């Protein structure tokens, strides 16, 4: 049986007089006194079909029984709609199909929510439980189609650049990469476990050792971590690695790749992208993920804070803290009530309060006006390049707290005051991250333990490891990290040195990474790589509010699958086969 001659978006006045066959879902049903109208929908569009009782009573009776989301196959004659009855909102709005034959392919139960009315706000849990129905509402499938085209563009471009797509194992070894692993028990080796990959990191480096030269993969990765709007327990990344190159070789490739991906949505980007060191990003934006669509740059004002008799300023400076903030152009119109809201807001991030200074008609209005002379305030206005009717917002706190608080505050104010265009795309490379961070008094990797230090900083590994910069880089878009990568360590002695600084014993290294150190010992080319977060890119490209909206079957924020009711208990016999007890 041939189910269709045309899709539901293809018919026009050019087809009038033709007999056609269509298949699809009942989108809307209307009975207008002996005339039944049905909007028949498939993935591509909608066509109105019609049956008149006087012309075909039996068929009219059958169509009158049809309900929403039944699946139909119809045959009929394409006719022009009567004058004034056209629907300009439909591609097929100038025609209708007069049905001569109808077959019900599948019936539908009563729906848990409306498919035809896309404006109804449906609870997300209900949508995820009936994901297959949610897909029929249009947005999800449109985003999946966009994702498909983005993946095609990615594969085509990387193939042009000499990258080979290789699928790496999903069942691997548990290694310390930062987040918790998802573990898979082995039936054949009782008491032993595989780990699902947090990334193909070691495999792709070993591919470089093996001489592949350039690798890529659209990889599924797994991390058992607390979720938020832009995280999922399983996610996709465009994974890349290349030999005999450095960041100056990789950056142009990634920039052109991103340009091709955005071109799928008709978005033109300007390359090369801006660059900024980690230190600059922290100093001027308070974060290593700066949103550059607007100004509100942070400025250190410790030299002016010293001139205040304000104890909070002086105490923080004495304790090694900082005083910094930003200027909001025209912000003198912010009310006291709203400033109180901002004060409560920054307290969420550890700040003790918020200092505000308004430049109004050459005069000073401030909650710390009595603690400094007018001359000091005017010096600060000059330093911040503040004009009349501007406001300075300052925080005195330890550096990390001040940065975090001001980062969130500048984003909030920029959004409230509409300081940027939502359709604006500002990319920036963040480079020269610290190689190490400190956690509970111990060194840990800022990225991962396979990241190479900058060559000029290698002598500092023994003297001052926390000051060592890494040859690593993130690509940030509008405040989102969409890619992260680094030059890799290709010298086994240096790799062992890094493991030693991370307090990994030789026994632990041999157990967890022995195979990898062995691989590095057989002649390893200099290599580097990057991984682009496909889900995050799709979230930005499609304007989705969460990553869940760009994944076909996402998990909830509690890592649950509501449609399949997973995770779920397993049978006692399955536990026994795996040698496990609960």
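Cβ atoms here come from the backbone N, Cα and C positions, even for glycine.
What you see is a predicted model, and the numbers here were worked out from it, not measured in a lab.
As given in Swiss-Prot:
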BINDING   177, 223, 447, 488  L-aspartate binding site
BINDING   223, 224, 225, 232, 481, 533, 534, 535, 536  ATP binding site
REGION    201-204  region 'Aspartate'
SITE      32  site 'Important for tRNA non-discrimination'
SITE      84  site 'Important for tRNA non-discrimination'
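Overlay of Swiss-Prot feature records on the structure.
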{"residue": "32", "record": "site 'Important for tRNA non-discrimination'", "DSSP (3 states)": "coil"}
{"residue": "84", "record": "site 'Important for tRNA non-discrimination'", "DSSP (3 states)": "coil"}
{"residue": "223", "record": "L-aspartate binding site", "DSSP (3 states)": "coil"}
{"residue": "447", "record": "L-aspartate binding site", "DSSP (3 states)": "coil"}
{"residue": "481", "record": "ATP binding site", "DSSP (3 states)": "strand"}
{"residue": "488", "record": "L-aspartate binding site", "DSSP (3 states)": "strand"}
{"residue": "534", "record": "ATP binding site", "DSSP (3 states)": "helix"}
Quiz prompt | Long-range Cβ neighbours of the region 'Aspartate' (201-204) (under 8 Å; 6 or more residues past either end) | solution = 168-169, 172, 175, 177, 215, 217, 239, 241, 448, 450, 513, 516, 529
Quiz item: If you count other Cβ atoms within 10 Å of each one's Cβ, which of the recorded positions 32, 223, 447, 488, 536 has the most?
Solution: 488
Practice problem: Please tell me which one of the recorded positions listed here (32, 84, 447, 488) sits closest to residue 225 (ATP binding site), measuring Cα to Cα? | Solution: 447
Quiz item: Taking only the recorded positions 32, 84, 223, which one has a CA atom nearest to the CA atom of residue 481 (ATP binding site)?
Solution: 223
Practice problem: Write down the Cα-Cα distance for residue 32 (site 'Important for tRNA non-discrimination') and residue 447 (L-aspartate binding site), rounded and given in Å. | Solution: 65
Practice problem: Provide, as an integer number of angstrom, the distance between the C-alpha atoms of residue 32 (site 'Important for tRNA non-discrimination') and residue 223 (L-aspartate binding site). | Solution: 55
Self-check item: Intrachain C-beta neighbours of residue 84 (site 'Important for tRNA non-discrimination'), sequence separation six or more, cut-off 8 angstroms
Solution: none
Quiz prompt | For residue 534 (ATP binding site): intrachain residues, at least 6 apart, with Cβ closer than 8 Å | solution = 147, 150, 151, 218, 235, 236, 237, 238
Quiz item: In the region 'Aspartate' (201-204), how many residues does DSSP call helix, how many strand, and how many coil?
Solution: 4 helix, 0 strand, 0 coil
Practice problem: Take every residue in the region 'Aspartate' (201-204), average their pLDDT values, and give the whole-number result. | Solution: 97
Quiz prompt | Alpha-carbon spacing, residue 536 (ATP binding site) to residue 223 (L-aspartate binding site), which is rounded to whole Å | solution = 16
Practice problem: Would you give the longest CA-CA distance, in whole angstrom, between residues of 223, 224, 225, 232, 481, 533, 534, 535, 536, the set recorded as binding ATP? | Solution: 19
